[in-house]
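The S-adenosyl-L-methionine binding site annotation in Swiss-Prot covers 129, 158, 159 and rests on similarity to another entry.
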């Protein structure tokens, strides 16, 4: 599966299929013995997409060809997504607790935070994603009779287009502090689009705005290509018959911490392995191909 600069997708193809994969992992993580997240919408959304493998996965019908290694890979993927999800959940709830009432979820996919988090009165949540993705989730959540816990405003646009203008046209207030998330997103953008994304966020952000994202410090073209293949191979061992390789854009990328710092953000960064410890999950130190072992969780505040 090869990316192009102007490609598009729904939730059953290309980058969209990875959103369905992540939702499936959230569904599994929500039903574990000691779950650190709770996403009751993940499994119904995955079933609605209709990709057979992920439907069978959330329904407990997948048996890896290599049970020992496949089950371990699946647990790793599930735990990794659980930790990532909890980090961003805590980010948004913390920002809301501190008085921020405007939030933007970039590349929202099947994210259900607007429905499942405990938002305060007056909170407005913007979800930005491809038109087909937004339409599908909006219709599916309505069919599930789900009600947002905040005022939800969807913005149907590709992040490689003029999404800031689309956001403002949907009521975004540049004078209000905002909490922003770019979760599981950067590797799917060309390097120059990553920089442009942060430039746009900065331009739209009032002082006191916050941002959460994640990045790979050694994200060179070769490394990203190798990791994309490892990512695909792990899911193949679990039994996935969908080609997830070739989805990451190659090329030298800016260091996210340095880039944001240079634009006025106060940045803190923590390796994902530290988050595993925070949330009481075991990090697989002996696994050389653990999912993005050097991934760094970033939180920042402007001004």
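Backbone N, Cα and C atoms are what each Cβ position is placed from, and that goes for glycine too.
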Binding-site residues: 129, 158 - member with fewest neighbouring CB atoms within 10 Å: 158
Extra residues within 8 Å (Cβ to Cβ centroid of 129, 158, 159), S-adenosyl-L-methionine: 106, 107, 128, 130, 157, 160, 161, 163
Protein Cβ atoms within 10 Å of residue 159 (S-adenosyl-L-methionine binding site), excluding its own: 18
Residues 129, 158, 159 binding S-adenosyl-L-methionine per the record - widest CA separation, whole Å: 7
